[in-house]
Amino acid sequence: MSAQRFLFLLVVTSLIAASLAAPKDVQLTKRGTPCWCGKTVGIYWFALYSCPGGHGYTGHCGQFMGVCCYPADP
């Protein structure tokens, strides 16, 4: 019984620690890697097939398992 209680407390503690460690600011969570569409430098988005809205992207090109999005004025 004490082993089950210990595992339960371990899971609850890890969930609390993970939620407290998660950054709330979008700029902290956005760690884009540079990519190139021809000679234009953009930001690579993994597992997306089109650019996300609200970031000012005007063009994109397909990359391996994602998309490279670039703004109007790079």
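Cβ coordinates are placed from backbone N, Cα and C, and glycine is handled just like the others.
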Candidate cysteine (CYS61, CYS69) that Swiss-Prot pairs with CYS37 in a disulfide: CYS61
Least buried by Cβ count (within 10 Å) of the disulfide-bonded residues CYS51, CYS68, CYS69: CYS51
Cβ neighbours of CYS61 (disulfide bond) where a neighbour is any other Cβ within 10 Å: 14
Intrachain C-beta neighbours of CYS35 (disulfide bond), sequence separation six or more, cut-off 8 angstroms: VAL41, GLY42, ILE43, TYR44, GLN63, CYS68
For CYS37 (disulfide bond): DSSP state (helix, strand, coil): strand
